[in-house]
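K.L.:
Just dropping this structure here.
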């Protein structure tokens, strides 16, 4: 620096800053306040000419004007020549400009001050540091205020003008703000930090500039007075608080202060004032002590130092003290900062923004944050924000928009969208409140187009004097526009906002409404829809079923209506509103995202990983990129070239584009995981300068896992493949991630559980993906653009569809907006639903929260479905992989693959979709067909045997022959091989002969394990006989053709835990399955092979192999004979290509769970595996045991029983073992058990004694089976469909343990009279028995004929109408008939055939009332006391003899009386059973046995009535035991009596309730038995006395008087029947006989002899004996020769039924009771008649 000087800069003072000695401290010369532009600033002698510059780069028009008051005080003072100050605008230099500290020396770190802002030597002059203060002349200099922090500044703005960037010129105006570049002075600027460390010389005191008269506290400059010499020290020790200058902002970024902020005469920028003070107030007493304080009485206010926006200081920054002179203390505002802010806000006019966001909504694809920012930038300058409010229905508005408004601190007022003008009323109220709160001047910004605001705007403008700014749409009314001061079109206002989504395309104005109630008339629904959409101008076009169509005048109205109407209630249904009809939703989804549906606002990306994209070069701004193909900032990521320093900086980064890059460079991408999950992502990057507009037309909602490259050329494919980034995702959404790939072409690994390691399936693991090409992903539609589908299963089918939809709507709406809820029909008895949510994040949250959430009585299963077009492809990819992974070499012919696919998944395959799965499969032309192959990158590691085996040791037990990764193994054991010169190359595999041995597995198994132990776990199969002979002796080998032996290789594989593997050199090796001995307690079944999962053709082939080999001798067949044997057995060719194989050996190796290949070379043998043999033997053994009557067989008799059952000799080698016990021991104990019985081993089926409850449940199950099969075609169904059908039909699970069984087949066998199990090959068919089939067919015929006119049908039309009614054809052969006429003969109890003129006609028979028959049969059964049960034939005879009419069940609709009785399950116990005499018998249930006792009890009472509260005691005394209703399943006596309505009924109320016997039960047909109590307590009488009658009823005591006509007995006073041998009145009265209660009846009797007896008594008669305990009248027949001397003897009082009288006298007809006495109006049943009308009631209490 040539102009640098070494003189102390503080030795002299500047002249114009120097005071006169005689002047007062507060007097200044105003002429010294301005520097003359004509004079140059004198410099030190070392200063060169280039330091002189007479031009100043400041124009007056660029400087804020000083205060008007101050300018008027000095009118005579000439201002400097402004024109001389002007100079051309000079572009800023790219070199950072710094300011010079005038108090510092020319330190090497200090740069010279450049005046004029020029970049060249002539454009400005440089002033060396220190030279400013050396001059003795009176010139002006300015000390800039800046930060002492030195670092490289940001690149300068390219459009900045020179007039806004002064470098260091002294200002002539005290209130102007100067630009200040960051200071590089390490000592800090003099007005900045006050702690100087290296100041040399004297410290200068800066005196305050005298204030203008009009503005006493105006800011001024301070002269540099004489500093006291000394060492550098703290300036603050010499400066008083009152001498601190007000803040002078010199920040170049703060020159936008228009109008300037004037605070008591000082000018501040708003940015500086908005910053809080960082330090406390400095002690005023220690600062500027020699300068008197200013003339003010107010406390100083601290103002933060303008340190440059966006920069930070290095330490404690000094605050500037500002004195106020208006006489108001700032302390009343609290802190000084609050006081300053309050003063500032008082001087700014308020502004309020009122936004009708439903009228002027945030445009699609734009952010609400950008709109709010635009409003504030446009209108808020010079104002203070007093109100910013928007009104909307937050449940209808986009949640992202609401969140953005909240983030912008905008008041969001919620209103009900369906209420008319709710938003307008709320805004009008807010406008009125604003006018009441604030006064003019104030500004109101209204964002709306509604004319309803015209009145409020008029008052605000004309009465309150507010400034009105109206932001409106094009269709605004003139009445509204007239009242605004400023008009701004809303479309223009937001037109240049950067779009974040594709621009909205024109669309229809129709809205489709779904889920309308079907039970309401169309007019009501139309009125409701019109009310919902009236505010938006909607019109209901038509209503069809559950949907409707509404029309709107424009798209905006339709969108508003969709928000308001979505999920609204219409007569109990939550409606679904859409722009597209349901039939076209799929097509619309596959088309462009912006064509048919409303483009949703951007969603916040909830990516748990933060993407840091580094070193991505800039793309050319002029690139003609299609939408989605340009450079784009990825959501949740930031782009920059420098290192990212903080997360806050990362969120503020912008995407940069260069202008010189012609070939974009491929950068390296990496995904790094932050320590915690972020619930929100960084804000979208704003539009960078020069970025093409097409870049913003992409869809940022696309969430691509692969980073999108900025290039669109396919040449760089290799570069992209090298660019990987790693992502961690929860394993539950692994398939979802695959669906979100940009393109399936670049997927590195498929999403399949077969090729992922366990740690990848069980936790979130990094998975590698290829970086996707931007041009590839941009063309495909966004999978979740139109919503995300959530699949729900395990729904409660008991709920109605409407309830399910409503419950799911409520549950899912708590986690986000639900677009639709759709229920699928019942498919395989599974009810499923699909809930469509608006975005992916809400769907994931719903899945996490609602999985296994209980709806109804079930816990739903929730899973996430993939989206839109990729949904079907992702599903197809998974389905394809599941098929091909089970195919040989992962390939199948196309036709075979198509067949397998359609059979497995039940829907057609579109072959063209296979060509789209380029990352999963490849379709190759092979010969005359095409081959579908799984790509190596997608398939799991396959062993040579196919996918059923894996290479880990834990699953190598899938086959006895396993190809394992044994690199090499010796073909023989060198230790025990007799041929020491054995050469592997000379060995001929065809020469190997398979040995057949006879060994017990019980002995052989431990020997094999011991042999493996001594041979380190492996023994070559060729040397196994030699090694075994060396250890245990020679094997017992038999000839193959002689039989009786088992192949040694097969017997080895029968040992649990041992297998035979094949090394890579083809040598078979005997080894342990897990390369170690099995644990001693291991279940052998855990060590067996397992069936393959997948290919149904291979499963069918395995069944055929079993069927073929079990018919071969010893189940062994040479491999060369397999094809001819197959052809002969199945009468069809075994086409290997049909299964996708090219060689037979490959097909045979594909079923290792059933087929074992023995030997080697061309002489290999085929046999069944031990697992298949055990399963086969188990089935045969169960069939054998079930054929036995006792379900068991003695081991010694097993061979004979086997021969009887299967018609062939028993040979244990047929099942691959040598002893029966070897294979029986393999069967689980729950299937077969061995027991000892009389020193004999017994094989039996384990049977648990079922409880009575289980038996009862089984009976009910049989009824359920009948009900279920009656709904099936032909009353039959497949065995494997029973469980799902039962679950669907009855709504409950069929639990076998509930019935006491462990297998379903056993349960079916327990109901053989109901169900038959037919075996058709491998399939089982369930069908009803013949009797049940006819009963079901009869019910169908009744239904069919009743639906016809006149209940008849022509015989020729029967089969046709049957098929039409029931949906399937009628098969006569199922009923063993050949014609309909023969069928009607078997259904004679239902239909009859009538000959008509037109032909034979089938008619329903007229059935008799079954109710009356039921009552009659019940009376018979209750009257029967002979035995506990009664035969059906005897019951029929008894009925016919009693009612003198034949009992024909066909008249009642039943084929037999047995079937009729079975239809009365509540009356008849066990329905109908067979006794020892093979007779069908029947007995009453326990409940009706109780009813029988109740009937007998009520018969002992007058009128057969009894009070309810006395019933329990009377019953207990009558029966002899306490009545317990709970034993019958009831909680009270009243409920128990109510369960037998056929017997009794209860009438009355309260305590007057009476138990009354039904009229049908009053007839005493054969009431011959005694009471139960007497029958139990008294000894039996001699049989000849107590005879059980066979036919007519016996004589009984008859009470009552009256009759239909004259009768001789009416004249009797008291007598017995004619055959009575005893005079009762003359006999001694028994002591147990109580006195009767005689109540005279007021009937006038004729005079007669009251005591007249017969002269000639008859032989037998009846006496009435009262039971001593129960006091019940019991008629007992007495014969003369057997009459005891004491009538009270036990023999006489025995309570047994009495025989009828042998007299030839016919029993008299029963007499009628007086109608006034008995409500029953029935004839009396007593033989003993009283002349007087006495009520003979028994005494129950003594």
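Using the three backbone atoms N, Cα and C, a Cβ is placed for every residue, glycine included.
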K.L.:
Which one of 551-573, 574-596, 597-619, 620-642 shows up in Swiss-Prot as region 'Disordered'?
P.N.:
620-642
K.L.:
Between 1626-1677, 1678-1729, which stretch does Swiss-Prot give the note region 'Disordered'?
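P.N.:
The range carrying the region 'Disordered' annotation in Swiss-Prot is 1678-1729.
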K.L.:
Quick one: DSSP breakdown of the domain 'RRM' (788-867) into helix, strand and coil?
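P.N.:
Its residues divide into 24 helix, 27 strand, 29 coil.
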K.L.:
Can you give the mean pLDDT for the domain 'HTH OST-type 1' (872-946), rounded to a whole number?
P.N.:
75
K.L.:
Counting only pairs at least 6 apart in sequence, do the domain 'HTH OST-type 2' (1000-1077) and the domain 'HTH OST-type 4' (1173-1247) share 3+ Cβ pairs under 8 Å?
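P.N.:
Per Cβ check, the domain 'HTH OST-type 2' (1000-1077) touches the domain 'HTH OST-type 4' (1173-1247).
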K.L.:
In the domain 'HTH OST-type 6' (1333-1408), how many residues does DSSP call helix, how many strand, and how many coil?
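P.N.:
Output for the domain 'HTH OST-type 6' (1333-1408) reads 40 helix, 15 strand, 21 coil.
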